[in-house]
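Taken from TrEMBL, the feature S-adenosyl-L-methionine binding site applies to L73, G104, I123, S124, S125, L126, T127, L128.
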Amino acid sequence: MQLIIAAVGHKMPTWIESGFREYSKRMPAECRIVLKEIKPVERSGSKTAQTVMALERAKIEAVIPKQTRIVALDEHGKDLTTMQLSQLLTEWQQEGGDTCFVIGGADGLDAEFKVRATLKIRISSLTLPHGMVRVILAEQLYRAWSITQNHPYHRV
Ligand SMILES: C[S@@+](CC[C@H](N)C(=O)[O-])C[C@H]1O[C@@H](n2cnc3c(N)ncnc32)[C@H](O)[C@@H]1O
């Protein structure tokens with residue numbers, strides 16, 4: 001299974017890139033993290049936030065392969081424990097197919113896109129900068145995978 005992270009935002013600061021790489025490189029080939037960066041839509045006075053999110057949604061959908069389960073990252077999404085995330089990883093591996101985690105841009109994710117997602121999850125109830133979300137998500141995916149392997153990285 002591939003764990004695709006479709007993230008609006010590019011040209012991230014070096015500390016975000018190296019933080020993300022630090023965790024994504026630890027994942028094994030059978031559970032690889034693949035980052036797909038999406039260039040944000042240019043903001044201008046004539047575009048509302050809704051228009052921007054709809055345009056970004058089209059760009060997001062263009063990078064998600066068909067038959068992929070979609071997990072939207074949203075501060076109003078479901079709270080998951082790391083153990084629950086690791087159980088989900090196991091279920092997804094048994095079901096087969098890839099999983100795409102989607103991180104929105106400065107205005108967030110299009111409302112209809114979120115309704116259609118297989119699952120909406122939050123990392124915390126705080127609003128986080130989108131670059132930081134990809135780093136925390138990569139760390140949590142590594143942690144969740146390490147639990148499935150009884151690897152000592154995660155201590156209860
Ligand atoms: C700066 S936030 C956008 C905030 C926007 N007001 C909204 O309602 O989503 C950019 C993206 O980061 C992700 N994000 C921010 N905080 C999050 C959190 N606590 N949990 C999960 N995802 C979060 C979401 O994907 C969001 O679309």
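Backbone N, Cα and C define each Cβ position, glycine as well.
Please treat TrEMBL annotations as automatic predictions, because they have not gone through curation.
Listed in sequence order, the residues of the same chain lying 6 or more apart from L126 (S-adenosyl-L-methionine binding site) and placing their CB within less than 8 Å of its CB are E75. Non-local contacts of L73 (S-adenosyl-L-methionine binding site) by the CB criterion (under 8 A, 6+ apart in sequence, same chain) comprise F101, V102, I103, G104, L109, K120, I121, R122, I123, V133, L137.
For S125 (S-adenosyl-L-methionine binding site), the same-chain residues that are 6 or more apart in sequence and have a Cβ closer than 8 Å to its Cβ are E75.
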